[in-house]
Structures are given as structure tokens and as C-alpha cells.
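S.K.: Pasting a structure below so you can have a look.
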């Protein structure tokens, strides 16, 4: 056992000593971050997660300690004892400890380090693959340590907040019954039940509802969830969410609790006061103005739906718009203020950008002094009446640029939504990453309960089948499911969905009608959800809840560029762990015990 560990105890971290500590004898533990040998004195910057402290080993004070310090190299793990001394005129303003240094009287090397594959510095140009391969070294870097400490603080604040409000932190199973549909599950074979599989829970949804039916009326959990999906910048196969459920509530009660949490986190972590209540926007308005249900409201540039205008003008001399309307598509425009000076090259780049999302092109018009359109193929055929109507609808002014999309509704929404954000970044309205100092929270409410699956010819739940429909829309469950809106809500921040939830169905008869609207037979419903249907018949209370994505929340709080920067041990976009080599092969004996056989044949 190291002498320093048994005989001495750490007195301070490497980031807390100040001039108030001058004259004190201290014991520090950490890693050698930097080393400078000036002959008669060796200087090191000693690092731990709290910061850096300069330590001096002087030959004329302790020759033996100075000699040992001569062996130090970067990333050696050491213990140091010494006296805190003023740095006089050599203050380092970049360090919290920059007014002092420690003159060492004792040193112990706990462990040596081989040369690291990259520098342990704030900014490095090492590729992500190398950093993930040596993640334990990457995590020694101050930016990642600050991020994970912020994450720990968010965990702590969240637990205290909900506990103070009378919530119980309760656990739910990870290994659950597999049910087809929804997200693709990770499967776990059961050795004791040959041929049977568990699924790793994609969320605690059903179990937290069952807690409500069991009488635990306020539940929360910071929980791991698993989804075997294609990965993106903001996805990981295993992720963490702040999961919440409450009995005897309507959606305003959920909003009140969750806004309180968010306001507390922003105040305690960033020192920022977030005003409440948060803005609310119907789903239909969000789609019309912004093309998606997670709009970034830090800047303006809303879309304008022109479908009715084009219909009223019978196409207005623009055949492609006319055809889109006749085919039950939509026509949208977006006014880009004072941007008529965009060059042809810039416009061409925008057109290539939208084509990459499935658009056939990018119609545009530059607005002149008299409202005329220039540098636009549309200007040749559009009627003056439709042009004037579009200018008025878009509130177009001379010098503005109008951009158009028309065609299939889903494509137009997606293209225009992404184009809006792309232009905002290009124009400097928002930064590429981070908040830019602006925080625009929004509840998107009242979405459709169902969406039509053209492939199967069936209505499917837009989120899940346990969401309560609006009472006024129950009449449409059998006749026109597309008209049924529901008590679902998403919490959006700066263009990211950070949480979503709903008021749940607690009436077994309405639940059965929802299943039938989705084409789910009584037998199928009982096979998949029999336990829940039985519980609904046993005095289930009105209840609702929400889940916030912890990883995404921390990503936004810290200004990180991706979720991989806020997860300690992330997977790559292929779902692999470059450090451990997971996923890996399993020996044949264990597969036989699990009654599993691989049919994969390498190409």
C-alpha cells in the first residue's frame, strides 16, 4: 500500500488553494499535467478533476525529493506534501490557484504512465475513434470532466427536487416481455425457458402506469432505456431519461411540475432565470409555421402555407403549384429578410441542399421595389393577382428573398423545416452548436393520436396507444381516426425535443376502442397487454406523465456538440464500443446453453 495513502490523507483538491491558504502544509494527489526542469528546481502542474496546482521541487530544500521529481513524466500518478507559498509577481490569471504554488517537501509516485496516445489537454486534434478507444484517458481532459460533473449535479438536483415534492424514486424492470411494433428491441435469450426471449425495456411506460394503479401516486426514476435503432448525432442505443408519472392530474399539472424542475436546473447549473409559464403551441400550428413539432424559436422566419391561396387563384399561372394542390399536396413559402443579394452560387448551394432531402428543386423569387419578382422562373408565368397575394401573405418587402416548396406534405414540411434552420446558421442568427445565450422553451400540444401507415393500410398510434384522446374527438374513433387529437405534449428547447409525455387512458372501454381503430383485435390486445387491460378494470386512477432525455438535457446545458460528449462510455454510430470491443463473439458452448444459433455468414 502506498505510504501516502496509509500515513497521509489528502487535505485539498488541486483546484481550491488560494492566497488564504498561504503558509499551510497540504497534501495533494493527482496526475502530472505539465513538467518543466529548470536544473535546481523541477516544476509540475498537478491535476485532478477540480483543477491544477503548480508544485515546485527545489534541490537545495530536499535533494532526495528533487531527484525523485526528476523522474516524473506526463500522466504519472503521484502524491505531494508541501507548503503553500505566494507566487508573488508570477501570478497565473488563467488558473483559480494562480496566486499560489506548493513547495514540496515529500513526493510519492503511485504509478508511472507510458506515453499517452494523445495529449491530455482541453483542445486536441485527435480523431474521435482514437479518443473513444482510449476513453479513460479522454475523460481526464477538463472539458469532459466538467461535463460529467454537470451531469452528476443534474442528477443530484433532480432527485432532490422530486423527493421534496413527495415523489417516490421507484425501479422498473429492465428485462420485459417483447411486443412487436414500435422501436426495435434488444433481445435477451432465456436459458431457463428455451426458445423464449426477454426484451430490454425501451422505456418504463407500462410499469410506471401500473405503479399508479397500485396506488403509488407520484413516481420518478432516472432510468436507463434501450433501443436497437440506427444511430444519429443525438441518439445512443442505451440512454438515460428522467421518468415521471402522477395520478389525479391533467396536463397543466404535469407542465407545472416539469417547468419547476427545468427552472431549477437552469438556475442552479447556469445561473440563468427562465421565465414561466413556458409558451404553448398547438401541433397543427407548429407544423404549418415551422414544418415540424420541435421548432427553434430563437429566430423568426416562419413558413407560410399558400395552398388555399393557390387553390383560390386556380394555380395563378404556376402549373407545378396547381398540380401539387390538385394532388392534395401543399404549397409553402418562407421569407428570408433582406436577402435578395444572395448570389446565384449561394442559391445553387441551397438547391443542392434541399435536393439531398428529396426535394425536386428550390423555387425562389427576389422581391423588387414595386413588389415585382426578379431572377425567378415563377415570375414569367405567375399572375399579378397571385403574386400580390403571396407577397401580402408573406409580408414581403423589397430586398427580401422568397423560397418555395410544393408537393407531398411530408416532404415539403421536412425540407422547409431543415432549410429554415440551415439558413439561420448560415446567416448567423443561431450558432452551429450551443444556445448562443438564448433559451426558448415550448410545449407543443394537442397532436393527432393516430398517423396513417400507407404500407399496412392501417391507422397506427403516433406515439403509443395509451394516450387519452380529447373527449370532443371520441366521436371520430370509429368513423375518422385522423381527426382524433390527444392529450400528448412535447417539451422543446431551441429545436430539440427534450421530453415528451401524455395524459394516459384509464378507461378500459375507450382503450378497447383505440385498439380497434388501430386494427388490433381483442385477442391481439390481450396477448400483448392483457396485464394492463386487467389493471385498467381494477379502479385505475386518472394519471399522466412525461420523460425528459437526460443525455440531451445535459448536452444543451453544456453546449456539447453531440450526445457522445455527455455520455461517459458512448457507442459509435455503428453501436460499437471501441474501447472494450463490444459487441463481441460468444463461445459456442454458451450459445448451445441458450438454444441460440447464428445464421450470419460474413461476406
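Yeah, the Cβs are placed from backbone N, Cα and C, and that goes for glycine too.
The site 'Important for tRNA non-discrimination' feature in Swiss-Prot is assigned to 38, 89. The annotation region 'Aspartate' is assigned in Swiss-Prot to 205-208. The ATP binding site annotation in Swiss-Prot covers 227, 228, 229, 236, 497, 549, 550, 551, 552, and the record cites sequence analysis as its basis. Swiss-Prot lists 227, 463, 504 with the feature L-aspartate binding site.
Please situate the listed features within the shown structure.
M.R.: Over all protein chains present, the Cβ of residue 38 (site 'Important for tRNA non-discrimination') has 10 other Cβ atoms lying within 10 Å.
Look at residue 89 (site 'Important for tRNA non-discrimination'): DSSP puts it in coil. Neighbours of residue 89 (site 'Important for tRNA non-discrimination'), defined as other CB atoms within 10 A of its CB across all chains, total 5.
Within its own chain, the region 'Aspartate' (205-208) is flanked in space by residues 172-173, 176, 219, 221, 243, 245, 464, 466, 529, 532, 545, which lie at least six positions past its ends and keep a Cβ under 8 Å from the stretch.
According to its DSSP assignment, residue 227 (ATP binding site) is coil.
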S.K.: Please state whether DSSP places residue 504 (L-aspartate binding site) in a helix, a strand or coil.
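M.R.: Once the DSSP labels are grouped into three classes, residue 504 (L-aspartate binding site) ends up as strand.
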S.K.: Per DSSP, residue 497 (ATP binding site) is which: helix, strand or coil?
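M.R.: The three-state answer is strand.
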S.K.: Return only the integer: C-alpha distance in Å from residue 229 (ATP binding site) to residue 463 (L-aspartate binding site).
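M.R.: Between the Cα atoms of residue 229 (ATP binding site) and residue 463 (L-aspartate binding site), the distance comes to 16 Å.
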S.K.: Per DSSP, what is the residue count of the region 'Aspartate' (205-208) in each of helix, strand and coil?
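M.R.: In the region 'Aspartate' (205-208), the DSSP-based counts are 4 helix, 0 strand, 0 coil.
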S.K.: Kindly assign residue 463 (L-aspartate binding site) to one of the three DSSP-derived states: helix, strand or coil.
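M.R.: DSSP assigns residue 463 (L-aspartate binding site) to coil.
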S.K.: How many whole Å apart are the CA atoms of residue 504 (L-aspartate binding site) and residue 89 (site 'Important for tRNA non-discrimination')?
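M.R.: Cα to Cα, residue 504 (L-aspartate binding site) and residue 89 (site 'Important for tRNA non-discrimination') are separated by 66 Å.
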S.K.: About how far apart, in whole Å, are the alpha carbons (Cα) of residue 552 (ATP binding site) and residue 89 (site 'Important for tRNA non-discrimination')?
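M.R.: Residue 552 (ATP binding site) and residue 89 (site 'Important for tRNA non-discrimination') have their Cα atoms 44 Å apart.
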S.K.: C-alpha of residue 227 (ATP binding site) to C-alpha of residue 89 (site 'Important for tRNA non-discrimination'): distance in Å?
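M.R.: Counting only the Cα atoms, the answer is 57 Å.
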S.K.: Round to the nearest Å and give the CA-to-CA distance linking residue 497 (ATP binding site) with residue 463 (L-aspartate binding site).
M.R.: 14
